[in-house]
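**Q** Pasting the relevant annotations from TrEMBL:
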{"type": "DOMAIN", "residues": "60-354", "note": "domain 'Glycosyl hydrolase family 59 catalytic'"}
{"type": "ACT_SITE", "residues": "Glu203", "note": "active site, proton donor/acceptor"}
{"type": "ACT_SITE", "residues": "Glu279", "note": "active site, nucleophile"}
{"type": "DOMAIN", "residues": "362-477", "note": "domain 'Glycosyl hydrolase family 59 central'"}
{"type": "DOMAIN", "residues": "514-688", "note": "domain 'Glycosyl hydrolase family 59 C-terminal lectin'"}
Amino acid sequence: MTCHTMAERLIQASWQRRAKAMTAAAGLAGQAAVPLLLCALLAPSGAYVLDDSEGLGREFDGIGAVSGGGATSRLLVNYPEPYRSEILDYLFKPNFGASLHILKVEIGGDGQTTDGTEPSHMHYALDENYFRGYEWWLMKEAKKRNPNITLIGLPWSFPGWLGKGFNWPYVNLQLTAYYIVTWIVGSKHYHDLDIDYIGIWNERAFDINYIKVLRRMLNHQGLQHVKIIASDNLWEPISASMLLDPELLKVIDVIGAHYPGTLTVKDARLTKKKLWSSEDFSTVNSDMGAGCWGRILNQNYVNGYMTSTIAWNLVASYYQQLPYGRCGLMTAQEPWSGHYVVEAPIWVSAHTTQFTQPGWYYLKTVGHLERGGSYVALTDGLGNLTVIVETMSYKHSKCIRPLLPYFNVSHQFATFDLKGSFSQIQELQVWYTKLGKPSERFLFKQLDSLWLLDSGGSFTLELQEDELFTLTTLTSGRKGSFPPPPKSQRFPSVYEDNFNIDYPFFSEAPNFADQTGVFEYYVNMEDPGDHRFTLRQVLNQRPITWAADAFNTISVIGDYSWSNLTIKCDVYIETPEKGGVFIAGRVNKGGILIRSARGIFFWIFANGTYRVTGDLAGWIIYSLGHADVTAKKWYTLTLTLNGRFSSGKLNGKTLWKNISVNFPENGWAAIGTHSFEFAQFDNFRVEASH
C-alpha cells in the first residue's frame, strides 16, 4: 500500500466528485481510512499556531521584478500583438499570473549593464529626451493592468558627461542628483508615471552626502512622496553608516540588499527601517529556479525580516546566449515568431502575489517546519488570512547565489491552529504546486477548499518535498491562460532593415541588441535621398561604466548558431581622420563579456585604410591595407563567411578574400564603430545558411 500525498488525494477526490461518484461515499470513506491511518503513523507531525492576539509582524511591501540591469526586456517591445499583451498580462494583470506588486526599472545610463546598454534620457549635458528605450513604455503597460503597482527607478551606469572626465558619478553631487530628479519629473510630465522609490547606484559605492543632496533636491521639487532606497548592494556598510549618522538614517526609507541568502544583519535590524531583498533570484527559470524563488519568497521574511523580494529579471527578453540567459520569471526571446513560455516561477509568484497586497501584515507566528520547509501568514487586518507553506528541497531550490548551506526536507504532517481573530474562519481556499517529475508536476492548481467548522479552527496538511500550498480566505485567485502562442522558430535566415520609419514608436531598431554604445533611429535632415532614415550610434564619450564596456561600440543581431552568412550594410563615418566603422559575423560574446568578443570584424577607417580582425578589440589582425574611404560619405560593406574562409567587398568590389578564419565557428552578426563616435548605418541585410 502506498501513502499518496494529500494533494494527490485532493486532486483525485475532486475528479471523482466531478464524475458524480458520490454514491458509495460511506463505503469509500471506510476504505480510505486505513491508508490514512498508516500514513499518519509513519510520518512525523508538527503543530503550528497562527495567531494575531499578540499583535502583528512587519508590514508587507510586495513582490516584484526588475526590468533592466540591463536590456533584459529588449526583445519584448517588438513582439507582435496579441502575444505582447498576453506576456504583459501574465506578468502584471491582477489575479491572472505573476500579478506583480512592484516593477523596478533601470534608469538607462548608456553603459553596458549585464545583457546590453539602455539609453539615457540625457546623452549629453543639454540633451533631454523622455522617449528613449522601453522602460517608460513598460511602466505604463504595468500601470494599465495594475494601477496600484509600485514603481522603482535605479541607475546602473551614467552618461559620461556627469563624470567630468572621471569614471565616477559623485564628482558633482548636485549635477548627478539633478540628472536623477529630471528622470523622475520627466516620468510624470511625459508619461503620467509617479515613481515611488529611487535608488542610489546599483551594487556600487554610495556617497553619504549624495544621498542627502538627492533628498533635499527631491523635496525642493515637491517630490516628498518619492522614497529613497539604499544601497542596492550588501547590508553593510550602509546599515552601520545610518546608525552613525542621524541625518542619513532619516533620509533613507528602505535598506535594500542584493542576494542576501534569506539573511540580514544586526545593524540593519537596529535601524528599524524596512528591509528588502531589492534584487534576488537571477536563476534559470527551470523548476530549480522556481524552487529557489518559492523558498526565498517565504524565507526572506522568516529568516531575514525582509518585507519585499524583487526578482532579477522580469522577463528573459534578450538573446539566450548573452550572460544569464533565461534568468527571468518567464521567457519571451522570439519576437520574430511570437513564441513565449510561461515558466514555473510565474506560478510560484502567484502563490504569494494573488493572495496578498502591499499594506497587509505578516503575522508574528511564522517559521520553519519541523522536517524542513517554512510557512508564512499574512492578514489585511480586516479578517482575511493567507498562509503560504513551502517544502523546497536543497537539491531542487539552489539559487545562482549565494552558496546554499545543506538542509533536509522530508515527508511530514503539519497541523495549523487558527487562533485570535482567525479562529472564526470557516473555509480556506487551497492552491497547490508540486515541482519535479512531469508525471507528478502541478503548477498553481486549485484544490477543494478546506472546511474548518467541525475542526475547531485547525487543519492538517500532508507535505512532501518540493511543494507549495497557499491557504487563503480570498476567493479571487485564478490561473489565467491564453491559447498557446506560435511555435518556436529560428531567427529568419534572410533579414533586412532599411530603418525607414518616419515616427518610430521606439528609439531602437527591432532585434538589434546594443552591447556598447547606443544605436538609435535617426533622420538626416540634409539628406533627402536614399539615406534620409538611418540607424546612428549616438554616444560621443565613454559612459560612467557599471561593467567592462568595450572601447568600441557594437550592436549584435540574429541567430547565435549562424556560421555561413553574408552581411551587407551601408555605412557612414562622421568623424574625419580618426573615425572608423565595422560590420561583423560570428560574434561569440556579449553583455558584461563584450570586451573579449571574438568574431570576424571588417573595419574601414576615415584615414583611407581597412582591417580584418578576429576580435572586437582589434588585437588579432588577419589583414590590413589601403581602401578608398573618407569621412562624410556613404559606402557599402559586404562580409561573406563560408566555412573557414572569409571575404569582403567595398561598394561591390572585392577588397580582400579567402582569409582563413578558424574561430569562432558561429555567432551573431554585428555593426559598430571604432570608438565612441557618431556614425550611421543603413540598408542592413543578412543572408545566412546556419
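Using N, Cα and C of the backbone, Cβ positions are placed for all residues, glycine too.
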**Q** Counting Cβ neighbours within 10 Å across all chains shown, tell me which of the active-site residues Glu203, Glu279 comes out on top.
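**A** In terms of Cβ crowding, the pick is Glu279.
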**Q** Cα-Cα separation of Glu203 (active site, proton donor/acceptor) and the residue listed as 'active site, nucleophile', in Å?
**A** 10
**Q** Could you tell me how many residues in the domain 'Glycosyl hydrolase family 59 central' (362-477) are helical, how many are strand and how many are coil under DSSP?
**A** 8 helix, 53 strand, 55 coil
